[in-house]
Amino acid sequence: MGLSEDLHARARTLMQTLESALNTPGSRGIGTANPTIYDTAWVAMVSREIDGKQVFVFPETFTYIYEHQEADGSWSGDGSLIDSIVNTLACLLALKMHESNASKPDIPARARAAQHYLNDALQRWDIMETERVAYEMIVPCLLKQLDTFGVSFTFPHRDLLYNMYAGKLAKLNWEAIYAKNSSLLHCMEAFVGVCDFDRMPHLLRDGNFMATPSTTAAYLMKATKWDDRAENYLRHVIEVYAPHGRDVVPNLWPMTFFEIVWSLSSLYDNNLDFAQMDPECLDRIALKLREFLVAGKGVLGFVPGTTHDADMSSKTLMLLQVLNHPYSHDEFVTEFEAPTYFRCYSFERNASVTVNSNCLMSLLHAPDVNKYESQIVKIATYVADVWWTSAGVVKDKWNVSEWYSSMLSSQALVRLLFEHGKGNLKSISEELLSKVSIACFTMISRILQSQKPDGSWGCAEETSYALITLANVASLPTCDLIRDHLNQVIESAKAFLTSIFYARPAAKPEDRVWIDKVTYSVESFRDAYLVSALNVPIPRFDPASITTLPPISQTLPKELAKFFGRLDMFKPAPDWRKLTWGIEATLMGPELNRVPSLTFEKVEKGANGKWFEFLPYMTIAPSGLQGTPISSQGMLDVLVLIRALYNTDDYLDMTLIKATNKDLNDLKKKIRDLFANPTSFSTLNEVPDDRMPTHIEVIERFAHSLLNYPRIQLASDNDKNLLRSEIEHYFLAGIAQCEENILLRERGLDKERVGTSHYRWTHVIGADNVAGTIALVFAFCLLGHQINEERGSRDLVDVFPTPVLKYLFNDCVMHFGAFSRLANDLHSISRDFNEVNLNSIMFSEFTGPKSGTDTEKAREAALLELVKYERKETDDAFEYLVQQLTPHVGAKRARDYINIIRVTYLHTALYDDLGRLTRADISNANREVSKGANGVKKTNGLTTNGTKATANGSNGIHH
């Protein structure tokens, strides 16, 4: 047989196996998840009184965990720190309960080894990075129980963890929990000592709580009346898992419906031919699914009779539609629709992009998609916004793989575009279509940059997710420009997966990509996604059917890649990456045009010119080059600021060129008065249409717009005041620069400059006169807003929480400004002499008779040395700041700070590169002109390709 026949045969066998467990009389179901140490430890702690003695009911499970402790004292699970901590806490508790076991005299020593491991591991645990089900309840519960044995731990996030625990407990309605099934039944072991398990027997289903061995074990431990149903359930699960290794249990059993629905929906989504997959078997599955959906009145949970959830319900409804047993989505919509997205179930901590992607996919398969148009647009907006506001890849709370969210989002969003291309869903706005397009291309860009040399993206299941994503996003016409490279990547991935398909290796810890209390893998899912990835047509849809996206230039991405590819920093990057950044930048252009300017319309000029078409590339490419992606929203925020800075600065340069010293002194006073008034910038002052705005009005409009920017309003007053101060000093420094230029013109360039030393001018006026410092402070205001938004408190915290950190950051800003000023001067020497703008090499330190720099080349070499020095000082200052930050904000948040610094720094490095390139272009052009050739024409600071020849010399606007 060929690969296609083999794929369908594997899919057919999988469905027949799952269907047999579903419909065979007497079957209690099926589950192919790996066994877990955590759940096995809970079962090992179950005891009951027999003949007046307390006896452990499942001693064989304790033997298993006893024999599988690792050399460092831990039980590692998938190898992640959090799983090792949770597993080891549960096993340590089991060891303490079994200490009297005479047949295992080394239990105390083993317990000490576990304690030693936990003492170290808990110090390294950043709970803000953790995504596990109910960890904020489970870990405190285990710690409290260990306290009763005299075992306690102190670690940095202990207080925060217990505050989260107390906050969650305070919100619980125990009477409601005791009354009926809820999602909390899945983790009731976290409430030992709080919950009254005697009030819960009526919630058992087939002897278990939500198919969860750990909760069922906790119930047997704490209920005063023994329940044979629960004991029989646990014994049965141990028997089922005997082939996996003696006397263990998984985190979930049975998973019959979960495995059927997830596996079959994946096979359908990726174009498996159901006619080759035993249609009668599929029909029996559909009838059973419909039976339980009817019983649940249009919704159901992952096990019949358990809490309804949107994930299972949405996928089941979609399957019934394609299997010709349709059921209305009405009850589903009523149950799960929220104001801005669809919820998975009550009590969830946060919304899920994968759940909403599944809901969107399901509604797009409804017989009449337009009936649910408002819900479809709502979910699509939510999913697109998640991608729009996320830096890097989007991770989800149900799967550790960064590609799982990409797969489900791409399937739903591309299907949305396909339906819209058919003439449906007419209320979708052009803005939403644009964001969907950007989201999809963001996925493909990040996947292409992450493929490993063997063609994979990690384990086989993760690689399947990535390949399915590529298949869907390859349907976009924007991918035509990189189609050849895309095909190479896909062939490499298929070769990797084909070898796995035929070899069928045993599951490894790295295959545990699904998130529960600990991570786990599911054999049927691995098979289904593997078959799906190898079968999916690429592209999934004909690009010609995706016709309703806003059109973009087919030539601009190539222009961008070609031009910026000449820069030293981009030369090592392969052509396809440079072209990918060009496509992303081209997609971002319309979004920038959609945002109102922060300046007056009369001041705004050239916003649609080549310079502004090039701007997005100059932010996207440096961040992509160094693997420090920023969100599309963050990208747009930066671009809006750069555009406003450019236009404001350019307007002031043009209109102040003939200003007198008196004019400049008057303007300085107005600036100081404006910024000294605490009520300034609280309201927006308009300018009559019949006149141009004055200089102070332009400055006031810029400052007002920036300080009232919507996405910094939750930044603290201290953070916004720092931004206010940077804006004031920037404009005052610009005036000081103008005053220096007047002196130069009056005195002449051949006269030695006297007054402020070059060092002091560089670190005060020069550093203040760099717009990059405003961009850096503004970026941290954006982060401060995000931090406070996530905290959800009216008590706004500073982005740098201590006096030391504030001082260090301001020191970084000063060094960064000095470096940028010197670098700008280095690349503007010729122009500054031509235009009579003050440049570093005009200071007496460079021009004096004893300076040792009596030639232009020597002066330039000296300035280059200073640039290198200030760059090192800036590097060292930022590095020290980051070192001091981590203990205060945690490793995860510290990475956000680092990314801001890196992206700002790389953006400056790009202008450094651009300056060198432009100097070479101008030099070559002059040589060609002297020979009578055309060369590269320079007009108004533009090369013939339309980009700025250098950064703005007089005010350093783009540093």
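Glycine too: its Cβ is placed from the backbone N, Cα and C atoms.
Since we're looking at a predicted model, the values are computed, not measured.
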For this session: Could you check which of 549-553, 649-653, 799-803, 919-923 is flagged in Swiss-Prot as motif 'DDXXD motif'?
Result: 649-653
Exercise. Taking 253-256, 309-312, 333-336, 445-448 as the choices, which stretch does Swiss-Prot tie to motif 'DXDD motif'?
Worked result: 309-312
Exercise. What is the interatomic distance between the Cα atoms of Asp649 (active site, for class I diterpene synthase activity) and Asn824 (Mg(2+) 3 binding site), given in whole Å?
Worked result: 16
Problem set entry | Position of peak Cβ density within 10 Å, selected from the recorded positions Asp649, Asp653 | Asp649
Exercise. Mind checking how the motif 'DXDD motif' (309-312) divides into helix, strand and coil residues in DSSP?
Worked result: 3 helix, 0 strand, 1 coil
Exercise. Quick one: DSSP breakdown of the motif 'DDXXD motif' (649-653) into helix, strand and coil?
Worked result: 5 helix, 0 strand, 0 coil
For this session: Could you tell me the mean pLDDT over the region 'Class II diterpene cyclase' (1-542), as a whole number?
Result: 93
For this session: Specify the secondary structure state of Asn824 (Mg(2+) 3 binding site) as given by DSSP, simplified to three classes.
Result: helix
